[in-house]
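Asker: One structure coming up, written as structure tokens, with questions to follow.
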Amino acid sequence: MKNSAAREAFKGANHPAGMVSEEELKALVGGNDVNPETTPATTSSWTCITAGVTVSASLCPTTKCTSRC
């Protein structure tokens with residue numbers, strides 16, 4: 001605003017632009033849901049986990065940490 005009088009008058013105005021209430025923030029992040037935004041482990045997840053453990057066990061022959069692992 002180039003008009004300094006209008007700019008000064010606007011400074012005193014109570015305008016809520018840009019303000020977000022706590023309820024709105026919770027709604028944005030899923031904080032007011034009964035169940036949070038998570039992904040459960042599915043049947044295909046267990047296949048990947050089992051394969052990862054098997055490959056890891058085959059590469060590291062002992063349970064102790066060594067320079068090979």
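Using N, Cα and C of the backbone, Cβ positions are placed for all residues, glycine too.
Annotation comment: Swiss-Prot describes THR38 as 2-oxobutanoic acid, evidence class similarity to another entry. Residues or ranges marked as (Z)-2,3-didehydrobutyrine in Swiss-Prot: THR39, THR42, THR43, THR50, THR54, THR63. Taken from Swiss-Prot, the feature 2,3-didehydroalanine (Ser) covers SER45.
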Asker: State the count of C-beta atoms found within 10 angstroms of the C-beta of the residue listed as '2,3-didehydroalanine (Ser)', not counting that atom itself.
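Answerer: There are 11 of them.
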Asker: Quick one: pull the CA-CA distance for SER45 (2,3-didehydroalanine (Ser)) versus THR54 ((Z)-2,3-didehydrobutyrine), whole Å only.
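Answerer: On Cα coordinates alone, these residues lie 14 Å apart.
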